[in-house]
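Notes to accompany the following structure.
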């Protein structure tokens with residue numbers, strides 16, 4: 001009986017429940033989709049999802065961030081003004097720092113997969129319990145890389 005016990009499925013179910021209890025749609029939907037994939041023949045796509053899911057997620061996030069520019073909601077004038085406002089210059093600097101940390105995080109997660117579980121647990125807990133957003137693993141890994149010198 002223990003041989004049939006799937007710890008990973010239980011973890012996904014716990015995440016689904018945490019997402020539901022915290023009313024976090026991102027965690028709920030992600031866990032639900034992964035459960036469906038896991039228990040159906042769709043599980044053959046896990047290698048593809050693992051290989052390309054992060055890049056696809058970053059692409060979708062980038063599209064979401066750039067949409068106000070494309071739609072005209074963020075005018076060219078306000079974009080140009082961002083280079084003369086102190087607050088906007090600080091925002092640009094922080095954006096550069098976070099992008100750099102995310103890049104370090106991707107490298108660390110690729111080279112040291114043993115830290116991925118801890119980063120994921122912390123990120124999911126932050127999303128489910130603290131109303132965070134799931135961009136945390138990359139930034140967390142980038143910060144970790146600064147502490148461990150990788």
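Just so you know, glycine gets a Cβ as well, placed from its N, Cα and C.
The following features are taken from Swiss-Prot:
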TRANSMEM  22-42  transmembrane segment
TRANSMEM  45-65  transmembrane segment
TRANSMEM  83-103  transmembrane segment
TRANSMEM  115-135  transmembrane segment
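Long-range Cβ contacts of the transmembrane segment (83-103) within its own chain (Cβ-Cβ under 8 Å, at least 6 residues beyond either end) map to 135, 138-139, 142-143, 146.
Only residues 6 or more beyond the boundaries of the transmembrane segment (115-135), in the same chain, are considered here, and those with a CB under 8 A from a CB of the stretch are 15, 18-19, 21-22, 24, 26-27, 30, 61, 102, 108-109, 141, 144.
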